[in-house]
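Visitor: Can you keep this structure in mind? I'll have questions shortly.
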Amino acid sequence: MLLEEDGVDVHKADSEGDTPLLLAAERGHLEIVKMLLQEDGVDVHKANNEGDTPLLLAAESGHLEIVKILLEEDGVDVNKASNDGDTPLLGAAWECHSEVVKLLLEKDGVDVNKANNRGFTPLLLAAGGGHSEIMKMLLEEDGVDVNKASNQGSTPLLLAAEFGHSEIMKMLLEEDGVDVNKANNHGDTPLLLAAGGGHSEIMKMLLEDDGVDVHKANNQGSTPLSNAAREGHSEVVKMLLEKDGVDVNKADNQGYTPFLE
């Protein structure tokens with residue numbers, strides 16, 4: 001009824017910059033979105049004060065049918081980001097909306113490596129969140145960068161190791177060119193983080209990789225062995241001691257050896 005009234009402004013926003021289309025997209029009101037898109041001059045790219053577009057809000061909220069019809073609009077920008085740098089793909093990956101991710105990946109020109117302001121890519125968000133189905137889809141994309149790091153230096157492999165996501169770790173280790181020794185800004189490698197977290201299954205996978213460096217220390221001088229010893233992870237300590245050449249006397253920057261830990 002309201003849309004039939006002369007002079008009604010479908011673009012008028014509230015104090016937060018939200019238009020009727022933005023609110024309908026975020027809240028999953030499919031029929032209202034359809035009505036609004038039929039109005040002359042409706043702007044599918046108009047964002048709110050935070051830079052959120054209808055596509056971004058629908059994607060991160062998991063409203064698949066709304067994402068579908070927005071993607072059918074002429075000139076829709078699938079990579080348009082919010083003020084925080086979040087794209088529809090990033091939002092869907094973080095919130096674990098696998099069907100939305102699949103739909104976005106089918107759109108020509110989608111940037112699978114585009115990061116937000118903190119340097120997080122869709123692959124990083126999926127790895128940190130343990131979203132294995134989304135990881136699988138992203139890894140199948142041509143040109144996806146498995147070693148791209150966040151502003152803090154975290155790679156997908158580092159996040160999987162830190163949070164104990166063994167299925168994701170397995171996927172990443174099967175990728176060509178993945179760097180098993182790449183450290184974050186604190187100097188922590190995947191092996192160091194897995195050891196400190198007591199993630200024995202991940203430790204086993206990493207130790208089976210020919211290129212893994214069991215001696216590499218972080219910025220504080222801590223090694224995988226000292227990390228595991230400090231946190232009381234006896235099974236991990238045992239694994240490391242079975243590795244040829246591991247240095248049981250290597251001290252950190254404060255002079256603590258694994259034995260002293």
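Positions of Cβ are set from backbone N, Cα and C atoms, glycine also.
Pasting the feature list from TrEMBL:
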type	residues	note
REPEAT	16-49	repeat 'ANK'
REPEAT	50-83	repeat 'ANK'
REPEAT	84-117	repeat 'ANK'
REPEAT	118-151	repeat 'ANK'
REPEAT	152-185	repeat 'ANK'
REPEAT	186-219	repeat 'ANK'
REPEAT	220-253	repeat 'ANK'
Visitor: Are there residues at least six beyond either end of the repeat 'ANK' (16-49) with Cβ under 8 Å to its Cβ atoms? List them, or say none.
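Guide: For the repeat 'ANK' (16-49), the far contacts come to 3, 10, 55, 57-58, 61, 63, 65-66, 69-70, 73, 75-77, 80, 82.
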Visitor: For the repeat 'ANK' (16-49), give the DSSP counts of helix residues, strand residues and coil residues.
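Guide: Per DSSP, the residues of the repeat 'ANK' (16-49) fall into 16 helix, 0 strand, 18 coil.
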Visitor: So, by DSSP, how many helix, strand and coil residues make up the repeat 'ANK' (84-117)?
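Guide: Across the repeat 'ANK' (84-117), DSSP assigns the residues as follows: 15 helix, 0 strand, 19 coil.
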Visitor: What is the average pLDDT across the repeat 'ANK' (220-253)?
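Guide: In the predicted model, the repeat 'ANK' (220-253) has a mean pLDDT of 91.
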